[in-house]
Every structure is written in C-alpha cells, then in structure tokens.
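> From Swiss-Prot, for reference:
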- Leu119, Gly123, His124, Leu125, Glu243: (6S)-5,6,7,8-tetrahydrofolate binding site (BINDING)
- His227: site 'Plays an important role in substrate specificity' (SITE)
- Lys228: N6-(pyridoxal phosphate)lysine (MOD_RES)
Amino acid sequence: MFNGKLAQTDPELAKAIELEHQRQQRNIELIASENFVSPAVLEAQGSILTNKYAEGYPGKRYYGGCEFVDIAESLAISRAKKLFGADHANVQPHSGAQANFAVYFALLQPGDKILGMNLAHGGHLTHGSPVNVSGKYFNVVAYGVEEDTGCINYEKLREIALQEKPKMIVAGASAYARAIDFKKIGEIAKEIDAYFFVDMAHIAGLVAAGLHQSPVPYADVVTTTTHKTLRGPRGGMILCKEEYAQLIDKAIFPGSQGGPLMHVIAAKAAAFGEALKPEFKAYQQQIINNAQALAKGLLERGFNLVSGGTDNHLILVDLRGTGITGKQAETLLDEVHITCNKNAIPFDPEKPFVTSGIRLGTPAVTTRGFKEKDMDKVAEIIALTLQEKDNPDTQEKARAMVKELCDKYPLYA
C-alpha cells in the first residue's frame with residue numbers, strides 16, 4: 001500500500017499539487033521573495049536523501065551511514081564559501097528566520113540591545129519586531145528611512161548608534177528598493193565596538209553575482225535564505241568570520257535545531273553550483289534590468305514608487321492618493337492572474353493587514369525569460385487593472401494579456 005504513485009495513493013493531495021502547478025504556469029509571479037527553481041534543484045530536493053537522519057556535521061555525526069550525505073553537505077559548504085568569499089558557512093538552517101535566531105543565540109544574551117531596521121520602513125520581523133522573538137528577548141532600537149527620500153540616512157543611523165550603544169547592529173531588509181552601504185554601516189559598528197550582522201536574504205543572488213556590494217568583508221556574520229534571488233530551495237544559511245564559526249555551528253546544532261534536512265541541503269548544493277556558473281551573473285543583471293523597466297513603466301503610467309525607483313530586484317508602489325489600498329490592489333491583480341503582496345510603505349497610515357502599498361519583484365519572471373519589453377507590458381496590465389477597475393471589460397482584457405505573456409514563456413515545459 002505504500003509503493004504507489006501519489007496520484008493513486010492520495011488523489012486529493014495530488015490534485016492540489018497539480019492545481020498549484022497550473023497556477024504557477026498561468027500567473028505572472030511578482031512576489032519579490034519567490035522564484036522558480038531549476039529541474040536539478042527539484043530533483044535533489046525530491047531525492048532519497050529525505051530518508052536520512054544526520055545530526056551533527058560532516059565527519060562528526062551522531063548517526064551511522066552518513067558518508068554520502070556528508071558529500072552533499074560538504075559540497076554545499078564549499079560552494080557557498082566560494083560563491084561569497086566567506087571563511088565559514090553553515091548550510092543547515094531550515095529557514096532564514098532560524099538562521100537569524102541562531103546568530104542572536106550565538107552572540108547575544110537576553111536583554112542585550114540591538115539596532116535594526118524598522119519593519120514598517122522595510123525591515124524584517126526577525127530584526128527586532130515586537131511580535132517576533134527578536135523583539136521579545138532583546139532591547140530593540142530601530143532606524144528607518146527618510147520620509148522625503150524613502151532611503152536610509154546613514155548619518156542618522158550613526159547618531160542613533162552613538163547614542164544607544166547597541167551590542168549589535170542589524171542590516172538588511174525585506175522591502176527596501178535601494179542598495180545598502182554595508183561598508184558604511186560596518187564602520188559605524190566598529191566605531192561603537194558592536195557586532196555587525198547582515199541579513200542579505202533578498203539580495204543574495206545579486207551579491208553572489210557582484211551586482212550589489214557584498215556584506216561579507218564588513219560583517220561579523222551574514223545570513224541569507226537560499227531561495228529568492230539565489231533560486232535555490234526554501235531554506236537558510238549562515239556565513240561568518242572564522243572566529244565565530246564554532247559559536248555559530250553550536251547555535252544551530254545542538255542549540256536550536258536537531259537533524260538537518262539532507263535533501264534540502266543537497267538542493268542547496270545544486271543551486272550554489274548553478275550560481276557559480278558565468279550565466280548566473282547575466283541572469284541577475286536581467287533581474288535588475290527587469291525591475292528597472294517595470295519601475296519605469298509604472299512611473300510613466302502615473303504611479304508613485306517609494307524612493308522613486310529601484311537598484312535591486314524589487315519595487316515598492318505607494319498607492320496613497322489612488323483610492324486603492326494595498327489589500328485591494330493585491331486582490332484586483334490576483335483576479336487577473338498577477339500575484340503580488342500588499343505591503344506597508346514607510347509612514348503608512350493604514351493597518352498592516354490593509355496597507356497603502358504593494359511590493360513587486362522580478363526574480364521569478366526573469367527565470368521564466370521575461371525581458372524589459374515584457375516588463376513594460378506588465379506595467380501596462382497593472383495600470384489597466386488598478387486604474388480602470390470599474391470598467392467591466394478590464395478583467396477580461398487584462399487576463400488575456402497575462403495569458404499571452406505566460407504562454408510565451410512556459411514554466412517547466
């Protein structure tokens with residue numbers, strides 16, 4: 001009874017997976033944190049390595065029979081170090097959030113002060129939000145962006161750091177469209193003798209390709225997810241200087257996790273191998289080109305963007321004054337098969353479940369093959385959908401335009 005294919009043994013679940021496959025094929029995916037992995041990454045993650053328990057690290061396991069999963073993890077580690085020029089890599093975190101928690105667990109004590117980017121200004125829950133463990137266990141001070149520019153003011157950040165003297169400065173964001181100057185923040189951290197921790201989850205692919213300043217030379221510890229712009233499986237990773245390697249490894253196992261997910265680690269190794277190839281840089285450059293083309297198209301059609309544009313893979317659209325909330329925009333776009341997410345903008349008057357903005361990203365559409373001219377067409381569809389929402393013919397017309405683009409660039413054909 002346990003040897004059949006999923007369609008035979010569990011047709012209800014098989015149908016849900018097939019429907020999701022169809023949704024991914026027919027929708028234009030603009031969620032900035034999502035991407036489509038390669039068939040090789042899918043193959044590795046769906047492999048028999050899912051059967052193997054392997055507590056510990058390569059060569060130092062608490063279980064027998066780990067000689068081959070050791071090869072997979074060692075490949076992931078060596079490739080990650082090469083990709084980012086890091087002294088040490090831990091590829092076992094199950095997620096970016098767990099990687100971040102392990103950093104705090106390794107370097108801080110409850111009640112220590114951290115300085116992180118305000119979630120409402122584009123930061124992340126795990127950088128000190130009061131609803132997250134990082135905001136409950138630590139004394140959190142926040143920095144943000146300027147209301148008129150939508151950008152980080154590094155001099156103000158320095159003033160806060162000098163006044164508050166945090167034990168750790170956290171950099172990185174989940175909804176910030178401009179390049180972050182890690183060198184400058186690292187200098188501020190050195191000035192006050194604080195740890196400098198960077199979460200580069202959103203921009204890791206751009207960093208790997210040399211298209212965004214790398215935090216690795218300046219930070220004590222760097223975390224990332226392995227999906228998003230890196231185009232690997234959903235998971236996390238920690239990079240650090242050699243002096244923190246033992247602390248970080250112990251914070252993951254046995255500190256906060258048990259057995260690593262060896263099938264996911266194998267998929268990470270496959271993705272890192274792909275990222276080391278020359279064509280990966282061209283792919284990352286196209287992500288940026290597409291984001292800037294989408295930004296240009298939206299600006300030309302009357303939309304306001306936080307900070308006025310983008311340097312990376314994402315755009316934050318300010319919908320104030322349009323009569324549409326972020327929640328409404330997300331729903332309207334979903335109805336025409338464009339997937340995005342409502343997102344708070346800096347100094348947002350709306351509640352977090354309503355918001356005044358939407359976040360758009362280009363990694364997934366770039367994987368499909370979209371180019372700049374296609375992104376202008378996407379901007380046209382977004383404008384049509386949101387600006388002519390009361391026209392009864394809008395939905396049908398927009399869906400047809402989406403279908404034409406998706407048929408042009410089939411997914412997993």
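Placed from the backbone N, Cα and C atoms, the Cβ positions cover glycine too.
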> Among Leu119, Gly123, His124, Leu125, Glu243, the annotated (6S)-5,6,7,8-tetrahydrofolate contacts, find the widest CA pair distance and round it to a whole Å.
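In whole numbers, the farthest two Cα atoms are 30 Å apart.
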> Including all protein chains displayed, how many Cβ atoms other than that of His124 ((6S)-5,6,7,8-tetrahydrofolate binding site) lie within 10 Å of its Cβ?
24
> Under 8 Å between C-beta atoms and at least six apart in sequence, can you list the same-chain neighbours of His227 (site 'Plays an important role in substrate specificity'), or say none if there are none?
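For His227 (site 'Plays an important role in substrate specificity'), the qualifying residues are Ser33, Glu34, Asn35, Val37, Pro233, Arg234, Gly235.
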> Taking just the CA atoms, what is the gap between Gly123 ((6S)-5,6,7,8-tetrahydrofolate binding site) and Lys228 (N6-(pyridoxal phosphate)lysine) in Å?
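Per the Cα atoms, Gly123 ((6S)-5,6,7,8-tetrahydrofolate binding site) and Lys228 (N6-(pyridoxal phosphate)lysine) stand 16 Å apart.
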> Given the binding-site residues Leu119, Leu125, which one is most crowded in terms of C-beta atoms within 10 angstroms?
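That would be Leu119, with the most Cβ atoms nearby.
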> Quick one: Cα separation, Leu125 ((6S)-5,6,7,8-tetrahydrofolate binding site) versus Lys228 (N6-(pyridoxal phosphate)lysine), in Å?
17
> Find, among the recorded positions listed as Gly123, Lys228, Glu243, the one whose Cβ has the highest number of other Cβ atoms within 10 Å in the structure shown.
Lys228
> Expressed to the nearest Å, what is the distance separating His124 ((6S)-5,6,7,8-tetrahydrofolate binding site) and the residue listed as 'N6-(pyridoxal phosphate)lysine' at their Cα atoms?
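With the alpha carbons as reference points, the distance is 15 Å.
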